[in-house]
Amino acid sequence: MSAHGKQRVRGVVALIIASVVWGSTFPIIKIVVKHMNSFRYVWIRNLLAVLAMVPYIAYRLWRGSVAKRSVIGGLLIGSAYTLALWLQGLGTFYTTASNSAFITNLYFIYLHTYEALKRKRYDHRLAVAVIIALAGLYIMTSPAGFGFGEAVVLVGSFIWALQILIVDRYSTANPLDTAFFMLLPPLTLSILDAMLFELPTISSILPVLPHLLYLSLIASIVAYALQLHGQKYVVASTASTIYLVEPASAPLFAMLIINESVSTAQIAGFTLIMLALYLSITSRYSYKLL
């Protein structure tokens with residue numbers, strides 16, 4: 001295999017691992033939010049990740065090794081993430097979880113459309129992958145109806161697409177440096193938490209501290225670094241298709257961790273998304289020319 005081929009494989013593997021890790025977080029988050037509100041969960045998760053990275057980033061700053069590109073890219077990615085997460089949470093309050101899951105993940109269609117218009121060419125393999133992935137996502141979530149909540153989640157899905165494009169633009173920056181600055185904007189949710197709710201106590205955090213550490217260290221620091229590394233080699237539209245592994249794998253982890261049952265529809269949807277993933281990563285238009 002050529003050096004370029006190895007880079008492609010590493011990029012795809014990095015994105016798949018990140019997506020599987022994010023898929024594993026759904027049941028863990030469900031456990032955590034039984035002990036604290038959603039604002040608190042987000043900012044505490046990110047605060048723990050920031051604290052864990054302080055020695056690393058302090059050393060990098062001391063050496064003068066942190067590039068301006070990592071700072072700007074990280075803050076932009078983190079800001080898009082925070083806004084998208086807030087819109088998703090607000091919209092989900094007014095709609096069903098299935099509607100929210102389906103609409104949120106429509107970002108991959110926007111990105112495929114963007115890539116097709118940008119390149120003025122499009123591989124038929126990718127077009128088939130989009131149709132199959134959309135069918136799989138629909139079967140898994142079974143959405144119905146459209147109202148205010150759905151509209152808010154739809155706006156959020158555009159922001160998720162924007163976040164992936166920003167990652168694409170700054171993917172050549174140092175992944176760990178950029179990941180640190182990605183973690184800072186979500187800390188602003190602590191202000192909303194303090195305004196709307198009582199301040200957290202140590203006793204309220206301790207029961208789910210192991211869960212929060214997994215979400216902070218693995219699902220945030222490691223997964224974000226893998227995302228940045230993977231998108232260095234994989235175009236944004238294909239990366240967005242790979243990210244569908246996250247919702248596709250979530251029911252499997254829910255079954256393993258909190259004993260939720262997996263339906264036939266979820267298995268069928270998972271199978272279709274895996275097929276779409278295969279079609280995407282085997283297209284020659286899925287990779288960047290470095």
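Just so you know, the numbers here start at 1 and follow the chain as drawn.
A Cβ is built for glycine as well, from the same backbone N, Cα and C atoms used for every other residue.
Under the heading domain 'EamA', TrEMBL lists 10-141 (among others).
Feature annotation from TrEMBL assigns transmembrane segment to 12-33 (among others).
Residues or ranges marked as transmembrane segment by TrEMBL: 39-59 (among others).
Per TrEMBL, the feature transmembrane segment maps to 71-87 (among others).
When Cβ-Cβ distances below 8 Å are used as the criterion, the transmembrane segment (93-110) is approached by residues 130, 133-134, 137-138, 140-145, 147-150, 152-154, 156-158, 160-161, 164, 237, 240-241, 243-244, 247 of the same chain, each at least six residues removed from its ends. Taken from TrEMBL, the feature transmembrane segment applies to 93-110 (among others).
According to TrEMBL, the transmembrane segment annotation covers 122-140 (among others).
The transmembrane segment annotation in TrEMBL covers 146-167 (among others). Cβ atoms under 8 Å from those of the transmembrane segment (146-167) belong to residues 73, 76-77, 80-81, 83-88, 90-95, 99-100, 103-107, 110-111, 114, 227-228, 231, 236, 239-240, 243 of the same chain, restricted to positions at least 6 beyond its ends.
Sequence annotations record features per position, and here TrEMBL assigns domain 'EamA' to 148-281 (among others).
Feature annotation from TrEMBL assigns transmembrane segment to 179-199 (among others). Here the transmembrane segment (179-199) has Cβ contacts under 8 Å with residues 37, 39-40, 42-43, 45-47, 49-50, 53, 56-57, 70-71, 73-75, 77-79, 81-82, 85-86, 220-221, 224-225, 228 of the same chain, all six or more residues outside its ends.
Away from its own ends, the transmembrane segment (205-226) comes close to residues 14-15, 17-18, 21-22, 24-25, 28-29, 31-32, 35-36, 44-46, 48-49, 52-53, 175-176, 178-179, 182-183 of its chain (Cβ-Cβ under 8 Å, at least six residues beyond either end). The annotation transmembrane segment is assigned in TrEMBL to 205-226 (among others).
According to TrEMBL, the feature transmembrane segment maps to 233-258 (among others).
The annotation transmembrane segment is assigned in TrEMBL to 264-281 (among others). Within the chain, the transmembrane segment (264-281) has long-range Cβ neighbours (under 8 A, six or more residues past its boundaries) at 12, 16, 125-126, 128-130, 132-133, 135-142, 238, 241-242, 244-245, 248-249, 251-252.
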* If we call contact 3 or more Cβ pairs under 8 Å (sequence gap 6 or more), are the transmembrane segment (233-258) and the transmembrane segment (12-33) touching? -> yes
* Asked: In the same chain, which residue numbers or ranges, 6 or more beyond the ends of the transmembrane segment (122-140), come under 8 angstroms Cβ to Cβ?
  -> 101-102, 105, 108-109, 112, 115-116, 237-238, 241, 244, 247-248, 251, 265-266, 268-273, 275-277, 279-280, 282-286
